[in-house]
Every structure is written in structure tokens, then in C-alpha cells.
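Q: One structure, as C-alpha cells, below. Some questions next.
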Amino acid sequence: MPDIHIKNTRIYYNNSLRPAEILIENGKITKIGKDFRVSSSDMVIDAEGALTLPAGIDVHVHFREPGMTLKENWYTGSCAAAAGGIATVIDQPNTIPPTTDRRSFEQKLKLARKKSIVDFGINGGVTGNIEKLRELWRLGVTAFGEIFMAESTGGLNINEETFEEALAEIKKLGALATIHAEDEKMRLELEQLLKGDVSYDYHSKVRPNACEASAVQSALELISRLQVRAHFCHLSTLEAVGMIRKEKYLAKRENKKPLFTCEVTPHHLFLSAKDWERLRAFGKMNPPLRGSHSIKALVNGLNDGTIDMVASDHAPHLESEKDLDIRAAPSGVPGVETLMPLMLAAVRKNILPLSQMIMVTSWNPAKAFGLDRLGKGWLEVGFDADLMIVDPRNLQPIRADMLHSKAGWTPFEGMDAVFPEYTLSRGEVIWMEDSINAKPGRGEFLEGSGKRSEEDEEENSEETGSD
């Protein structure tokens, strides 16, 4: 007997949108078809008029715990994810303490296991801790980074020498490096030059397009020389997209798979430098808001496959922290709950096709971060039943008072969105009828591919000792 029977729905399957029914048992999709004769099931969801899609995978969140729980914690952040159709997240390391060694990793893992209602991975931080990276990899971190090439929240930025050393070590481990690409030297020079500027768009001026482009170019050269797998976080500029497109074209011409992937955020897709006046310091994030030419390049890159995925860079701060002058306010905006609804609205408005939305919010993130091996990322028999059920006709404005993050505000206030009616995680309904339907701690830790058990470590030590 199936646990859940979804009927009267439509799915995107084998390159077309078609009517279907889905049976779910023991957390997995067990059957996809039509007109099932099911005598009974624990739950029947009549999805008349709605689409059933893979739930989102957000590879870039800052859930702020430990150390900054006034802004967010694992429970509130994961509730926001579930309410927005996200069933898997990957948390970044710039917490207090940062996730840079065994102790800090195990502290964060314990908290996440106790509180998260969605499945999760944890990235390892990179500072001067090169000797700790192997240990973190074997503990099960998903990837390393984001590695900050320039100053940002948490103070984990590193210099050029350490950056190269880190990438070399990550290459040895066979791991993935995730990169925040901004040129710190350029940023500091512009900060000094513009120290009298008090306008809100000051932040875009000290981190201009050239700041990102310079860092991306430097990183691409290192990636190529070291042959390390890498992922660029939150690309935001016309210039960076052009570089990525060129490198991918050259790889394809030589019948090679690119060594890197890249992401874009909803705030760089759907907000612009024109929003500074409306948002003031609430629009401050790293990298900053960009002009219309960059936004057009991002949309084109998303459609033609240059950009691999969309991630929220959910980085919440309280209203009281953001309601300051542009220099004093911290960088970052909340976004995990609005990622999928904004992307669904973009499909509704023909900004990108549904098939591409599914690729950039689920399948591509799963592949890039090794989650496909754990059954994530696709609506197919044998995969985890991580699903969202949405009625694309239900376009509604985003309101901060309907969201679940502790931030209490959103830069997307009033913008069109399509929110899910149901979110399922491993066959459990965690969001339905506008309410959370899951207990803290039901989320599972998704071990990275470098994970080793204590037995493996002992065996490895014995083998090393006998050489």
C-alpha cells in the first residue's frame, strides 16, 4: 500500500508536460503513470489543476546558527525553505564559530539535526586552516566555501596565496571549491577613493562590475592550472557571464566537461540598481545590485545553460540592523522562501521555460554538489519523493508578514510569486494548507562524498602505516 497517492496532477516528464499520478512509499517515488487502481493509501492528494514538480535544492543558505540566532536558526530557516518549496539546503560556514574544524562542524551538525525540517548539507570554511580541510572532508562536508576572495559577513576572506593553497588541497581531496569572486584589492582602493560618498548606491560603486570580473578571471586561471572542480557563487555581471560562456564553449569544443559550475540569485535576476532608492540599505548585499545590461545577461545565461543554477544566498539580518546608513548596515538579504515562487512566476511570465526552471532549481544543483547519488534532484521512480505541488494560476504578491524567516522583511515585497500548496520531503508532507506540517529535527544530514566512518579511518591509518 502506498503512503501517498497524488492524483489528477500534471508533471514535466520525458520532455513534456503531461497528466499523471504518482505513488510514494517509504520516502521514494515508486510509480509514475495514469489511472492507477489503488485500493487504499495513507494519504490521497487530489492535485486537480496543479503541477507536481521536483522540490527546490538551495545550495547557498546562511541559517546563522550557531552564533547569530537573533537573525535566523535551523528551525526557522528550514521552515522558510519548506514554505517556499525547498526540500534540501546547503548551509555556508560563516557562522560563529565558523565551520573550519571538527569541533565547529560537529557543533553545527548537532544543532541542524535537532532543528531542521528539511534535508541539509554543510559546507566547510576555508581560512588559514588548510591542514583541517582533509578532516572536514572526511567528516562529510558537502563542499568547501564559499571561499571569500573579498570581505563579507563573517570575516572569512583570504589572500591570494592562501586561496591557491586551498584550491590545491581541495584538488587533492577530489572535493568541490565554492567561490565568492570579488577583487579585494580593487574594493579597498575604491573604498578609500569614495570615502566621502554617503549615497545608497555607494555599495555598487565600491564593488563594481570590474571587481567581480577581475576575481572571476583570476579564479578561472587557477581552476584551469590546478584542474580543481569549482563552483562560482552568485554571479551578477555581464562581464562574468561572458567569461563563463567563453570557457564553457572552449571546453565543449574540446569535448571536455567544464571544471566549474555557477549560480545566480533571485535578487540579481529580479532587482536592480534602480531599486536602491526604494530599498536603501535593505538592498545591500555582496555582490551588489547591478544595472539592466547585467540583468539581461543573467537571464540569457540562465536560458542558454551558461548559468547552471539558481540559489538564494539567503543571508538574513533583522530590520533594526539593516535600517542604518549604507556603510554601517550589514550585507545580505533573506530569500530561501521566495526563490521557487519567484522562479515559478518567471515561468508564468515567459522569462524562462518550465523545463529550464526545473533544471536550474533541482537537477543541476543535485549533480553539481553530489546530491544525485543520494536520490535527490529528479522526479523519477527510485528518487526521493522531494516534491512541490503548485497551481501556476495562483499568482500573488509577496508580503513579509506571510514569510517565516526571523528577518521579518523581504526585498521582494509586492512582487509576483507562485507559492506551493504542498511541499514533500522524502515522502512526508512538510508544508500544506499554508502551514508547517513537520517536527523539528526530521531533516536528514546529507553526507558529502568524502565522508569516512571511524572504521574507514582506522583502516586507512593502518594502510598508511604499512607503506
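Note that Cβ sites are derived from N, Cα and C of the backbone, with glycine treated the same way.
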Q: Of the candidates His234, His267, which does Swiss-Prot annotate as part of the Zn(2+) 2 site that also includes Glu146, His180?
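A: Among the candidates, Swiss-Prot records only His234 at this Zn(2+) 2 site.
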Q: Swiss-Prot records His62, Phe63, Arg64, Asn94 as substrate-binding residues. Which of His293, His317 is assigned to the same site?
A: His317
Q: Can you tell which of Asp304, Asp308, Asp313, Asp323 Swiss-Prot lists as binding Zn(2+) 1 with His60, His62, Glu146?
A: Asp313
Q: What subset of the binding-site residues His60, His62, Glu146, His180 lies within 10 angstroms of Asn94 (substrate binding site) at the C-alpha level?
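A: Correct set: His62, Glu146.
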Q: Whole-number Å only: compute the distance from the Cα of Glu146 (Zn(2+) 1 binding site) to the Cα of His180 (Zn(2+) 2 binding site).
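A: Approximately 6 Å lies between the Cα of Glu146 (Zn(2+) 1 binding site) and that of His180 (Zn(2+) 2 binding site).
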Q: I'd like to confirm something. Which of the binding-site residues, His180, His234, His317, has a Cα closest to the Cα of His62 (Zn(2+) 1 binding site)?
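A: Ranked by Cα distance from His62 (Zn(2+) 1 binding site), first place goes to His317.
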Q: Would you mind splitting the compositional bias 'Basic and acidic residues' (441-454) into helix, strand and coil residue counts from DSSP?
A: 1 helix, 1 strand, 12 coil
Q: Just how many other Cβ atoms lie inside 10 Å of the Cβ on Asn94 (substrate binding site)?
A: 25
Q: Round to a whole number and give the Cα-to-Cα distance in Å for the pair Arg64 (substrate binding site) and Asp313 (Zn(2+) 1 binding site).
A: 12
